[in-house]
């Protein structure tokens, strides 16, 4: 599992603060997606994270927790922890501060941790607001963040996050052209096979989240087929 994640092309993001009936969970888990990421920005607790984990654990898919902060990290039974640092945040808290708190408060399973260099590009999103991200970047500015993340800090993942809004393919292309070693993730507004294929042209891995709740499993399956 430690390196198999590098081969994923489609990840489904599930929010612990949102609920889905068991039948829909079953359709998601059998859609062909490579992994399930348990992740949210607001109102994530150990309790609702644990509840979501119990819903999805039975399917045998790789399970990733992407914690929003040190107060809600689930490790037991989870394959990997994808831990974001928001490169374009105006606050050191979201780059390294919360990570320092986590290390001070907890005994961390570092063998499960995969660091992510987030570049947040939707100022209206919860993650954009909470982290104070500078979302008005030009393609050249965003690419520079990605280059620093890849070549200087050696992040294994560079994650372009539009969070609920479909992004600019030219922006993603500019970032893809400077990322050599890291795996490039794209998330935001993928609500059709065409959008999945368009972003999948530049990103190594696409992440589908809101469409699961807004449009249902059929759309999710279409996005899987578009990139696999």
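Cβ atoms here come from the backbone N, Cα and C positions, even for glycine.
Annotated sn-glycerol 1-phosphate-binding residues in Swiss-Prot are 159, 160, 161, 162, 163, 164, 189, 209, 210, and among 6, 13 the one listed with them is 13. Of the recorded residues, residue 209 (sn-glycerol 1-phosphate binding site) and residue 15 (Mg(2+) binding site) place their C-alpha atoms 8 Å from one another. Counting every protein chain shown, the number of other Cβ atoms lying within 10 Å of the Cβ of residue 13 (sn-glycerol 1-phosphate binding site) is 20. Reported as a whole number, the C-alpha separation between residue 15 (Mg(2+) binding site) and residue 160 (sn-glycerol 1-phosphate binding site) equals 18 Å.
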